[in-house]
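Student: My questions will all concern the structure given below.
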Amino acid sequence: MGAAQSLGLPPAQGPHRVGCTDVMVGLTRKGLFFRLFYPCLPQEGVEQPLWIPRYEYCRGLADYANLHWKWCIPLLSIAFGSFRVPVSWNGPFKPCSSKYPLIIFSHGLGAFRTVYSAVCAELASRGFLVAALEHRDHSACATYFCKAGDGEPGAPQAALQEEWVPLHRVPAGRKEFHFRNPQVHQRANECVRGLQLFQDISRGQAVTNILHSDFDLAALKDSVDMTRAAVMGHSFGGATAVLALAKEPAFKCAVALDAWMFPLENALYPKVVKPVLFINTETFQTAKSIAKMKQLSSRNSQTKIITVLGSVHQSQTDFTFLAGNLVNTVFQTRGPLDPCKGLAITSRAALAFLQKHLELKEDFDQWNDLLDGIGDSVIPEAPLCLSNL
């Protein structure tokens, strides 16, 4: 497989079929927007959603890559526009008497809510509800919210107006930390609000999805185990997950995929008392970043750091499955490690960690060795060149 593999997202491997829907609540930028992945019932004539949900995201990706949008947007549309996510769009929710644990997922810089569909669907297939946020702090390549139009209050949805929130770069003359730190706090606050929204949904409180999806959020009543909630993210989202864990007591643990630790202030680290699993790629991290992770593992023996060998930063995104050889050559979307094997290592390590710290009664502990960096293509902590701190 590897670079010679056929392009497309792999189907989830767990026992549950997976459905997904988009949810937007609130008529201001302070609302929430996320894609929800969930266990669903089988059905005929399944519609699979497009991976890039709208053309505007192609322009956002072009902006993030700092490429001229007039030629880059058509290229991105050709390269990625036809891919679909192998899940059931608005599929019927699968009830569960024991309730499903919850994961709030935070994307990386320049990404959006569908960029981690492979790992989110895999976790949902194992019995999790996964809410993949689309952040509104100007770190997504593009996102939007809906606001009331110029008509009368209570106007129908047709009167709602979209307002797009573009990617913002660090302004000239401003230090990047002072730009990124407020962003990571906004992102973490959005994760906390996401958790609170599911508390409302689980209690049966009416929550209006202004996108008017065919999926009824009321189906989740009494089906979300709010005592078993975790936060997860990649890169900027990994730092977001660490911060959200410190902010919100209801989060029991965090999984940080190749976390970009730079935006976090030093004063935060003593406040992170719950366990974090850092799953790093081989080429992204620096000695300084690893040292920050070790500040947390030195205070809590349950905080783990592992590295997946043969992987690159984009290996934990869907781009690793979807980029052809030319795109991979330019943007390095995958390393020598087979993308499916990388996904298996990442998801299995996360599942083992979640079972332990959410006290799940599953068989995910069969992968406990991964948490100690034991296994093919995985090592504890960091490569030797970064571990001699």
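Please read every residue number as a count from 1 along the shown chain.
Cβ coordinates come from backbone N, Cα and C, glycine included.
Just so you know, TrEMBL annotations are computer predictions that nobody has curated.
The active site, nucleophile annotation in TrEMBL covers Ser235. Residues or ranges marked as active site, charge relay system in TrEMBL: Asp258, His313.
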Student: Suppose we draw a 10 Å sphere around the Cβ of Ser235 (active site, nucleophile). How many other Cβ atoms does it contain, all chains included?
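Tutor: For Ser235 (active site, nucleophile), the count of other Cβ atoms within 10 Å is 24.
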Student: Look at the active-site residues Asp258, His313 and tell me which residue has the greatest number of other C-beta atoms within 10 angstroms of its C-beta.
Tutor: Asp258
Student: How far is it from Ser235 (active site, nucleophile) to Asp258 (active site, charge relay system), counting Cα to Cα, in Å?
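Tutor: Cα-Cα distance, Ser235 (active site, nucleophile) to Asp258 (active site, charge relay system): 5 Å.
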Student: Rounded to an integer, what is the Cα-Cα distance in Å between His313 (active site, charge relay system) and Asp258 (active site, charge relay system)?
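Tutor: Here the two Cα atoms lie 7 Å apart.
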